[in-house]
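Structure record follows, encoded as structure tokens.
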Amino acid sequence: MLRLCGLGVVLSLVAAAAAVMTVWLMDWWGPEGPPSGLRLFVPEELARYRGGPGDPGLYLALLGRVYDVSSGRRHYEPGAHYSGFAGRLVGRFYREDGLPTSELTQVEAMVTEGMEANEERQREKHKFPPCNAEWSSAKGSRVWCSQKSGGVNRDWIGVPRKMYKPGAKEPHCVCVRTTGPPSDQQDNPRHSNRGDLDNPNLEEYTGCSPLAMACSFPL
């Protein structure tokens, strides 16, 4: 992670983009984070690291720190979707005396908020894993649950339900646990042993048995 001193004014949209991409990079590298090390760059030197022919590397600068994104070359090399970020400063986050700017504090708050939102989405996904789904012109559509549906490995299968979320135009199919206490009442000894079936944001599929692990909808 490398500290930079650069020029320019941070625009709000650029700050937002920096926050989003930083959350994405943190998720990409995992809990260990990026490789350690220390080296100082000036903008002119960083500009050599665009990933083009003859360039010494492919670097991305966010929040005043420089990351080697060579392993994600297809996203950042010249001509790729995010090539405009490579080899350039995204915002100014440290003053020339090395102290952080107010923009850094603002974006770090945005990053924290984004990471908390991502953690909440992951908790919700493990609570209500997405269904498997298929469609064909001959048979229509089918949704079903398994112990790995939605990419969530678990010791229960569940049953398909429509999940309605505030602000969403349409419901989506999730797998719902049918036994044990509700997820938000794990310590309640007087639970109804219906899992999360009574969640108010859920709705059964019309024409499908309430405890069926698969629901088909012929054309």
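Heads up, the Cβ atoms here are built off N, Cα and C, so glycines get one too.
Under the heading region 'Disordered', TrEMBL lists 174-203.
Residues of the compositional bias 'Basic and acidic residues' (187-197) grouped by DSSP class, helix first, strand second and coil last, total 0 helix, 0 strand, 11 coil. Under the heading compositional bias 'Basic and acidic residues', TrEMBL lists 187-197.
Outside the compositional bias 'Basic and acidic residues' (187-197), and at least 6 residues removed from its termini, the chain residues within Cβ reach (under 8 Å) are 127-128, 158-159, 161, 176-181.
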